[in-house]
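What TrEMBL says about this protein:
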COMPBIAS  1-14  compositional bias 'Basic and acidic residues'
COMPBIAS  16-26  compositional bias 'Polar residues'
COMPBIAS  27-38  compositional bias 'Basic and acidic residues'
COMPBIAS  74-86  compositional bias 'Polar residues'
COMPBIAS  750-765  compositional bias 'Polar residues'
DOMAIN    656-854  domain 'STAS'
REGION    1-86  region 'Disordered'
REGION    750-773  region 'Disordered'
TRANSMEM  181-199  transmembrane segment
TRANSMEM  211-231  transmembrane segment
TRANSMEM  309-340  transmembrane segment
TRANSMEM  388-408  transmembrane segment
TRANSMEM  420-438  transmembrane segment
TRANSMEM  464-486  transmembrane segment
TRANSMEM  506-526  transmembrane segment
TRANSMEM  546-579  transmembrane segment
TRANSMEM  600-632  transmembrane segment
């Protein structure tokens, strides 16, 4: 071993053309193993700890700076410089020295030349591959030993996973059976989040904030509850019951700290539509309604429902909604909400807002016999029945509420954290006005609520005779209320840094509706206005919901006599103005069309379906159309031929990168969609387009040519895109003659990718077509690589297409490789005996090994041809 202060002479070092240092004898400096490195360092630094020595083994050799200036790029600068006090650590690979001239020329070396030495060489790079014709004999910069997918799995221990749903359920049940008593207690406790947050509740600091927030929520809930109760078709006090019982249940089971459940405009509307469809005065009319689909513009759709029947329908519907949500929560199907995109929900709610507006016209104007929307002149014909006192009151109340939302709220938000409760003051003022004007000459002559029973009604069992009729409506209400609730809860939790469990929210909403139904409540959800107010007031937990419910209980028992003089038009105006933002969404749909046409179509189809049919059928049409858009996009999936970016090992789309260039004789194809029945034919067409010729037609032409000219000497190539490789001494076409496919290869700065399969005249290999750039040549295509990285799953038709592609290309003498297959796809191959028809050795774990193997095979084939020519 050379001493540390010995300088190697210039004669001892030699530099090849690529900048790789060699010894004088021409032998390559041998690699030292990590064990020898460790022994050397231990002997050189006996005072160092073993762990420090082990870390030093992994360090690369550092060349110290030169003491004397040398010309950049000169041979003298490549000589070994005198080392400093830093120990010269032995390297496992010789590092290439790149001078400035090579760097400026940007020589595009083959892929195997891009593999440079590393300070910590992988195991498969340390072995010299003597049988590899692409190995660099001068620098030992070898191409890594190529292993296919099967060898990779065996070497690194691939573990197969059973992806079936039954197996997963079995493992869950088996694991649950091994739980201890304590684990079961924690499992049950997870269904009651109040046991977790109440134990850590800060009564000293958080109670005051929750109390203030609860009182303000109660003030907002009183007018909203009364209005939504009237919208459902029940007495207004049932809206207050909904704001009491349901929120108390959710406070125990919910995971959101700021959600304000209770009476909600969208769910109240959907419940009211269901009552209008199902509710009749006798059983014969009920059968007629269930067997008929009414449009919103139908005159016979609107019918009066008896208060007792409406209450039974509402409670039965609410029980069904609760049971559906509980079942979804137990089955952990919270992902069902993913099917409803934001734009689908917007179309649903905007269409529902139109129904709300039409349902409140009678109450707001006093017009009797409001016609259907199909009769455009019907409103004008009945204008004589309008009650001007009612209409003028509605106009004043609507303008007042809009003024508060648009003018006062932005002003008050600068100083206060609360929304100005204009609805509460409007209700209070209208009650006092009607009370003092009753029986006088200034009587407003407006329809009022009338007598209201104080206190809560006793619990009762709903009539489940309506269950079969309300199930479709219950399903849509359950899903819509959950989607809106979870979207709002996750939005707030993300801003305030806490988590919301979607499956627990299913269970909480279900239990809330199920229990509330026995107290005369209708299905509820989270109100946007109340939830935002709770956040702005700084509420800390669901304790604010409990405070709100307690205040509402006091109002139900002691303030109900004041509701006798409450005008019904005021409640109708509160409902309509509360949905102002939903009407604004209709005007904003034009901007949505400019951003994404698919999202706009989802919104438009859902919106129109809700208006023309009803909320239930509109929801179904919207979901089906949204799923169809996914199918349409996969049917119109993109595909690309991939080329290598110079000076890198990255492969990108030829259409996307101007500098991307194909490797000679190797074509890489990627299809950007799952491969299944809907796009299997598209995949095959795109593959033929990438190939430049239909392999079946080309093979058929060749067979016909063989039959025609069999036994005759082949003077010229019969087809521009297909030629035969025959012996020079006896160039006869026979059945054993292999096929060569010549395709146009694109290099950097070229715009053409492949030749059109319909071109009749194509030049032979090695010639340049006229009028084309020099970067394009016709080269024999020997390998076709299918990148499966974009296949998250495939089905049987997709499997058959892959087999057909492999068979067609193999008949043309083209080797087909597959790479980047997902685990689920590979296991699907094994289950359906794909490897019996396609060799498993053609599967590779990534694109680079497949490319290297293709280059090795092309080089070996080239050497065989040269050997035959010499013979």
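Using the three backbone atoms N, Cα and C, a Cβ is placed for every residue, glycine included.
If you look at the transmembrane segment (211-231), the same-chain residues 6 or more away from its ends with a CB under 8 A from one of its CBs are 237-240, 242-243, 260, 262-265, 268-269, 272, 356, 359-360, 363, 418-419, 421, 423-424, 426-427, 449, 522, 527, 529-530, 533-534, 537-539, 543-548, 550-552, 555, 563, 566, 568, 571-572, 574-575, 578.
At the 8 Å Cβ threshold, with sequence separation of at least 6, the transmembrane segment (420-438) comes into contact with the transmembrane segment (546-579) through 3 or more pairs. Nonlocal intrachain contacts for the transmembrane segment (309-340), taken as residues 6+ away from its ends with a CB within less than 8 angstroms of a stretch CB, comprise 232-234, 238, 271, 274-275, 278-281, 460, 462-467, 470-471, 473-475, 477-483, 486, 502-518, 520-523, 622-623, 626-627. The transmembrane segment (464-486) is not in contact with the transmembrane segment (181-199), judged by fewer than 3 CB-CB distances under 8 Å for residue pairs 6 or more apart in sequence. Across 181-199, 388-408, 506-526, stretch 388-408 shows the highest tally of CB pairs under 8 A with the transmembrane segment (546-579).
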